[in-house]
Every structure is written in structure tokens, then in C-alpha cells.
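Annotated in TrEMBL:
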- SER69, SER97, VAL212, TYR230: molybdate binding site (BINDING)
Amino acid sequence: MPEGVCPPKSDRSARAGSFPVLAAVLALLLVVGCGGDSGPARVTGDVATAPGSPAPRGRAELVVFAASSLLEVFQEIGAQFEQQHPGTEVRFNFAGSAQLVAQLSQGASASVAAFADTRNMQQAQQQGLIAGEPVIFARNRLVLIVPASNPAGIRTLADLARPGVKVVLAHDNVPIGHYARQVLERASQDPAYGSDFAQRVLANLVSEEVNVKQVVAKIQLGEADAALVYATDVTPAVRQQVTEIELPEQVNLVTCYPIAVVAGAPDQALARAFIDQVRSPEGQAVLERYGFRPVGQETVSLEECQ
């Protein structure tokens, strides 16, 4: 078996676990896919209240708009922040970074914005949606995932260009979708893949999703043969239903996550405190545990991440 490929599960075990898998994926789609335009949802540990419900009287509210790839890790950091700031309630709105910028530009209220790329942060800055300078708080990388049963027999990135392979990606305006296309273009510069590699892979595209969680869900449900996602999206729960394949280092990307205070934030001091929590040793340890590459107190500019 090629290096970097986890052994697929048997068809029998895959069928036996299909019902719990479907339930888990549908629940995830309800949280991530449907919540983008309905307002932020409060998350404390694993408990979420109805989107848009007011904070209890006497409690400070902090609304954080965050890229969907940050869902699990920010839930934990948010719980830490609440414990360290009694009387504060953190509410999250998880969606694709481009969706979050659109919501902010349409007047949505938030105090903190954390995106999965610098491109969307710069667009938010240009629209006057950001107060002060954003900071980079984590890095990530891409991996190839296939269903655990791997019906198309995908073993390497090159296999995505085979006729009949069903590929799913995020939209190009979504960070992971943009990064995935950059990976394909990088591979196209390598004679081993061929100059038309990206074109051939995109000809196999059967679906474009609005965020990375929906891309992962398509693979979990077996609705596509392969996808490019963040390494951190292959969580322990997801790993039960997919096979992860490492990308060659020469075509992969190291991606950056910027965070900033939103212009007009009701309590900018509280917003800065949350950002400090994300960048603190405690917050960075959580990020590392979820597979992100922490930056600690290192100063990384947006320009360095282009």
C-alpha cells in the first residue's frame, strides 16, 4: 500500500456504521450549512443554544465570526474564555470566510472575525469592516480524502485526473476551494502530472460547496470519490469514515489564519481579550492538539502568507 494511505475499512464494517454516520453528518450540516445566514449560535463546550437568542441579563456577549474549519477548536477556546471571564458569553457564527465577509458587509453584528485565508481578511479591511491590524494565529495544510471504502481506488493526487472520478471541492471564493485549485496548478507545473492536469481534474468536478465542512460531508456520505480539504478537518470522528492521503510536499500549501477585531465592535477590549486568548500558550496548545500549526507569539504579517 502506498505511503500516506490509511487502510480502508471493509464494506461490511462501513455498512454497519452507516446509520450513525448519516446522523452525525446530517447534524453537522444543520450546524454549519444552514446556520450561515441565521445569525450566530452560542457554543459552550458541546452545547449550543438557538441562533440569535439573547444573552441572559447581566452577562456580556461576545460574537465571533469564524471560518467553518475552526468549528471544533474555537468551541473549546470559547469555553476556556468563558471560564476565565465570568459573566461573559461567547457566541459563534461558523461559515465560509467569504460568507462571513458578505454578512459583515450587510451589517451583521460581530466583535471578532477569524478567517481561513488572508485574501478575505484583506477584502474585509478594504471595506472598512476591520479595526486595527489583523494577526496570524495558526497555519494549516491540505490533504486528499476519499471514502473509507475508496470505490474509485484513489491512491495519489494524480488519480484525480482519471476519467470518471467524481471530485468535490469548495467554491473558488472559499479559502479551501482557492487553495485546492492552487495545488492543482502547482501540480500542472510538474511534468509528472502534465500541463493540463488541473484542467482534467476540474473536468471531473461534480459539486462545489460553500464551506469545507460540506466538502468533507460529501465524502463521508460517499457522494464523491475524492476531495481536497484541510488536514485539521480529518478529525477523529471523520477519520472513521474517510481515508486520508498526504499530498506531495512540492505541491502542497501552508495556509494562514488571520484574526481581528471587527470595526464597531460593542466591546473592543473584550474582543482583544479573546484574540489574546487564541494566541496565548493555552489557546495555541488547543490549536496544536487539533492539528493546526501554532504560531505562538511570533509576528506574521498578512503579506508573508500570500
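Glycine residues also receive a Cβ, built from the backbone N, Cα and C atoms like all the rest.
Curation plays no part in TrEMBL annotations; they are all automatic predictions.
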Exercise for the section: Starting from the molybdate site formed by SER69, SER97, VAL212, TYR230, give every other residue of that chain whose CB sits within 8 Å of the mean position of their CB atoms, in sequence order. Expected result: ALA67, SER68, LEU70, GLY96, ALA116, ASN140, ALA170, VAL174, PRO175, ILE176, ASN211, LYS213, VAL229, ASP233
Practice task
Measure the Cβ-based neighbour count of TYR230 (molybdate binding site), defined as the other Cβ atoms within 10 Å of its Cβ.
Solution key: 25
Problem - VAL212 (molybdate binding site) CB neighbourhood, other CB atoms within 10 A - result: 30
Problem - Secondary structure at TYR230 (molybdate binding site), reduced by DSSP to three states - result: strand
